[in-house]
Amino acid sequence: MKKEYTPTAFGLYLNFFVHGMSVVILSQNAANLAVQWHTTVAGALAVVSSLGLGRLFTILISGILSDKIGRKPFVIIGILAYLSFFIGLLMSPNVTIAYIAGILAGAGNSFLDAATYPALMEIYPEAKGSSNVIIKAFISAGTFLLPLIASFLTNNHLWFGWSFILPITILTGTLIFFSTMSRFPARNQVKTEEVTVGDTGNKLLDGGLFLLYGFISQGTFYLISQMLTQYGLEVGHLSETTAHALVSWYSVGSITCVFVTALLGRKFREIQFVPVYTFGALVSIALMWLFPTNAQLMTILAVCVGYFAAGGVMQLALTVMAEFFPQGKGTVTGIFYTSGSLASFVLPLAIKWIGDMHQVMLLDLVIALAGFIVTSLIAIRYKKLFGSLKKTE
C-alpha cells in the first residue's frame with residue numbers, strides 16, 4: 001500500500017464509525033423523537049425499518065454500479081445519504097419525513113458498502129481480510145460511543161440533538177475530504193480464477209439454509225441493538241444510565257470478538273466459529289429474557305450478546321457460503337445481504353406490532369434458537385461435503 005492512500009482509508013473507516021452511530025441513534029433518542037413526531041416510542045422505533053427497506057432495494061445493484069462508475073462517487077453519494085438521514089431525523093416534524101430519511105440511510109449504507117469494501121481491498125491488497133475486520137471495529141466503536149453521549153445529555157438535561165450534531169460534523173468533514181483531496185488506487189482488473197469443478201453446495205438445500213441464516217443473523221443482533229435500552233428501562237426497571245450503557249457494553253463485546261476471532265482464525269476454520277457463536281447468542285438472550293432486573297447480570301449478558309451475535313458471525317457465515325458456492329461469490333454476497341436487509345425491514349415493524357418489550361425479547365430468543373439449528377445443519381452439510389470442519393495444517 002502506498003502512503004498516499006492512508007488518508008483515504010482513514011476517511012472510509014470514519015464513515016463506518018458514523019454508520020455505527022446511525023444503528024443506535026434512533027433507539028437512544030426514541031422518547032424525545034416520539035414527542036417531536038407526535039407518536040409513541042414504539043412508533044418512533046418503527047422508523048428503523050426504513051433503513052432495512054432502503055438497503056433492501058439497493059444492495060444488489062450498488063456493487064455492480066460501483067465497479068462500473070468507480071469507488072469515489074459512491075462514497076460521496078453514501079455520505080450525502082447519511083447526512084440527509086441525520087438532519088432529516090433531527091428536523092422532521094412527523095414520522096413520514098423521518099421514514100423517508102431512514103430509507104436514504106439504508107441506501108447510503110449500500111453505497112458505502114459497495115465502494116468501501118473493494119476500495120480497501122485495493123488499498124491493502126496484501127491484507128484484505130484485516131482491512132475489512134477493522135471496518136467492524138469502527139462500527140462497534142460508533143455504536144459504543146453514541147449511547148454514552150445520549151446518557152450524558154440526558155443526565156445533564158441537555159438538548160438531545162447534540163448526539164446528532166457530532167455525526168453530522170464528522171460526515172461534513174469526510175464529504176469535503178472525499179470531494180477535494182481523496183485518492184483512490186486504480187480499480188483492479190482481477191483475472192477470474194479458473195475453476196475446474198462445479199458448485200459444491202446444493203443450491204436448493206444449502207442455498208436455502210444460508211438464505212435463512214442471512215435473515216436470522218441480521219435479525220438476532222438488530223433486534224438487540226434497537227431494543228436493549230428500552231428493554232432495560234421498561235422490563236428490567238434499570239436506571240437511565242445503566243440502561244443506556246447496555247448498548248455500549250454490547251459494543252465492547254462486539255469489538256472484542258473482532259480481534260479474538262482474527263487471532264483464532266489462524267488455527268480454526270470459519271465453520272468452526274459459526275455454530276459456537278450462535279449457541280452463545282442463544283444462551284445469552286435466554287438469560288436476558290429470564291433475568292431482566294439484575295443490573296450486573298444484564299451488563300455481563302450485554303457483552304456476551306455483543307460478542308456472539310454482533311462480532312462478525314454474519315461475515316463468517318458469508319465466507320462459509322462462498323466455500324459452498326465458489327463460482328458465484330458476487331451473487332452469493334448480494335443474496336445473503338439482501339436476506340439480512342429483509343430482516344432489518346421486517347423486524348422493527350414486529351417491535352411496533354408486539355409492543356411489549358419482554359415479548360420482543362422472546363421473539364429474539366426464538367430467532368436465536370432457529371439460528372443455532374440452521375448453523376448446526378450447515379456444519380453437518382459442510383462436514384459431509386468437505387470431509388472435516390478442522391483447518392488442515
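Placed from the backbone N, Cα and C atoms, the Cβ positions cover glycine too.
Features as listed in TrEMBL:
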type	residues	note
DOMAIN	8-383	domain 'Major facilitator superfamily (MFS) profile'
TRANSMEM	12-31	transmembrane segment
TRANSMEM	37-61	transmembrane segment
TRANSMEM	73-91	transmembrane segment
TRANSMEM	97-121	transmembrane segment
TRANSMEM	133-153	transmembrane segment
TRANSMEM	159-178	transmembrane segment
TRANSMEM	210-233	transmembrane segment
TRANSMEM	245-264	transmembrane segment
TRANSMEM	271-291	transmembrane segment
TRANSMEM	297-322	transmembrane segment
TRANSMEM	334-354	transmembrane segment
TRANSMEM	360-380	transmembrane segment
Long-range environment of the transmembrane segment (245-264) - Cβ separation under 8 angstroms, sequence gap at least 6:
20, 24, 27-28, 129-130, 133, 136-137, 140-141, 143-148, 151, 224-225, 228-229, 232, 238, 273, 277, 298-299, 302-308, 310-312, 316
For the transmembrane segment (210-233): best-contacting stretch of 12-31, 37-61, 73-91, 297-322, by Cβ pairs under 8 Å:
297-322
Near the transmembrane segment (297-322), which residues from the same chain, at least 6 beyond its ends, have a CB less than 8 A from one of its CBs?
132-133, 136, 140, 210, 213-214, 217-218, 220-221, 224-225, 228, 232, 236, 238, 242, 245-247, 249-258, 260-261, 270-271, 273-274, 277-281, 283-285, 287-288, 291, 329, 332-333, 336-337, 340, 368, 375, 378, 382
Can you tell me which recorded stretch out of 37-61, 73-91, 133-153, 334-354 has the most Cβ pairs within less than 8 Å of the transmembrane segment (159-178)?
73-91
Beyond the flanks of the transmembrane segment (360-380) by 6 or more, those residues with Cβ under 8 Å of it:
206, 209-210, 212-213, 216-217, 219-220, 223-224, 227, 231, 235, 271, 274-275, 278-279, 281-282, 285-286, 288-289, 292, 309, 317, 320, 350-351, 354, 389
Do the transmembrane segment (97-121) and the transmembrane segment (271-291) share at least 3 Cβ pairs under 8 Å, sequence separation 6 or more?
no
Quick test of the contact rule: Cβ under 8 Å, at least six residues beyond the ends. What residues does that give for the transmembrane segment (73-91)?
12, 15, 18-19, 22, 25-26, 33, 47, 62, 65-66, 97-98, 100-102, 104-105, 107-112, 114-116, 119, 161, 164, 167-168, 171-172, 174-175, 178-179, 182
Who are the long-range neighbours of the transmembrane segment (271-291) in its own chain, taking Cβ under 8 Å and residues 6 or more past its ends?
217, 220-221, 224, 231, 257, 261, 264, 297-298, 301, 304-305, 307-309, 311, 313, 316-317, 320, 323, 358, 361-362, 364-365, 368-369, 371-372, 375-376, 378-379, 382, 389-391
Near the transmembrane segment (12-31), which residues from the same chain, at least 6 beyond its ends, have a CB less than 8 A from one of its CBs?
41, 44-45, 47-48, 51, 75, 78-79, 82, 85-86, 89, 102, 105, 109, 112, 116, 119-120, 134-135, 138-147, 150, 160, 163-164, 166-167, 170-171, 173-174, 225-230, 244, 247, 251
